[in-house]
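If you look up Swiss-Prot, you'll see 10-30, 54-74, 99-119, 120-140, 149-169, 186-206, 223-243, 258-278, 300-320, 322-342, 343-363, 371-391 marked as transmembrane segment.
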Amino acid sequence: MLHPRARTMLLLSLPAVAIGIASSLILIMVMKIASVLQNLLWQRLPGTLGIAQDSPLWIIGVLTLTGIAVGLVIRFSQGHAGPDPACEPLIGAPVPPSALPGLIVALILGLAGGVSLGPEHPIMTVNIALAVAIGARLLPRVNRMEWTILASAGTIGALFGTPVAAALIFSQTLNGSNEVPLWDRLFAPLMAAAAGALTTGLFFHPHFSLPIAHYGQMEMTDILSGAIVAAIAIAAGMVAVWCLPRLHAMMHQMKNPVFVLGIGGLILGILGVIGGPVSLFKGLDEMQQMVANQAFSTSDYFLLAVIKLAALVVAAASGFRGGRIFPAVFVGVALGLMLHEHVPAVPAAITVSCAILGIVLVVTRDGWLSLFMAAVVVPNTTLLPLLCIVMLPAWLLLAGKPMMMVNRQKQQPPHDNV
């Protein structure tokens, strides 16, 4: 016979698995549709018209029209495509289901159009809203927070292709007590995360790891080098943190989201022309291309890091629906490669992983997620002790510093003004 604690954990197992599978399927559906539309916009259509896909006019035109299209969706769809991600954390309160169709359309347009944001925030919003709405009807005795946690865990597992990230993140939020141990609370979320990760793995495997030279034995000088790299990445990230609310306030002085996002798309197009096609989109596939291109120099990596960080700030400030983690990882990779090219004595594995750790820590202010992203992009167990040590001064640098979010009390998203 099972202990009552075990029966309690099993109670939510079936809903957790169902939510994990559904979270993954929603992500896969959105990414597949966005991929088809992206291929149409950036491959087939310019080929049919006899235009080079990296033509400055094409890049500027597509991104400007993408901004206008997303602005129209936000302006006229029911629920105005959900909350402005610039004003929200990754895991937020559930939104009304009526806002989800507009949010999904806005996300797909942004992903396909080359906007420098990832899918993580909108997908998280969609999955939480559906889990809470459906769960409240099927099992009304289960509170909304439980559904939110399960949907969040399932989405994280689906996004990263592993339940490890969910385990790390929720281990610091689901604090155990004398009555309910931590792993009792983690049981159902990990079931959801595992189901989400396994479902994603049936269709495609998220490819985060980069072909970077293996790092051998850790030395004391490597710790100092890693801490300096992380500090440089944090400094770059804090510039973006300073710029985001100010640019957001300036752009949203225009009350119509069509104008705001149209101008934002135009700026993104200009940045895309400067940085080239590799600086567009969410950044995961593009960072693979960046590492594979042996022709890039120190100045090229620096330019890509600056352009991508600027594009991230502009896209978020304009109100595009998307997340900031994936493009931040691209920035970290570009910074790390730049620093390695500048000081070849420091291994690329250290510069890239520590730069990712620093920039993701700025964006998420989540130590476990930052460690996870650094370790998964540069998969080397020898680096783990070094990353844990480097995290300490990095965390000290960011203690009490503002987060990469807009204070919603000072600045409302555009759809609240129409």
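Backbone N, Cα and C define each Cβ position, glycine as well.
At the 8 Å Cβ cutoff, the transmembrane segment (149-169) and the transmembrane segment (300-320) share fewer than 3 close pairs (sequence separation 6 or more) and do not count as touching.
If you look at the transmembrane segment (54-74), the same-chain residues 6 or more away from its ends with a CB under 8 A from one of its CBs are 41-42, 46, 80-81, 102, 105-106, 109-110, 112-115, 256-266, 268-270, 272-273, 276-277, 280, 318-321, 414-415. A contact between the transmembrane segment (343-363) and the transmembrane segment (186-206) is absent, since fewer than 3 of their C-beta pairs, 6 or more residues apart, lie under 8 Å. Same-chain neighbours of the transmembrane segment (99-119): 27, 30-31, 33-35, 37-38, 40-42, 59, 62-63, 65-67, 69-70, 73-74, 77-82, 85, 125-126, 129-130, 159, 265, 268, 272, 279-284, 308, 311-312, 314-316, 320-327, counting only residues six or more beyond its ends whose CB sits under 8 Å from a CB of the stretch. When each of 186-206, 223-243, 258-278, 371-391 is scored by its Cβ pairs under 8 Å to the transmembrane segment (322-342), the top-ranked stretch turns out to be 223-243. Packing against the transmembrane segment (120-140) from elsewhere in the chain are residues 15, 19, 22-23, 26-27, 30, 82-83, 85, 88, 90-92, 94-97, 99-100, 103-104, 106-107, 146-148, 150-152, 154-155, 158-159, 321-326: each is 6 or more residues past its ends and has a CB under 8 Å from a CB in it. Note: the stretches the transmembrane segment (300-320) and the transmembrane segment (258-278) are in contact (3+ CB pairs below 8 A, sequence gap of 6 or more).
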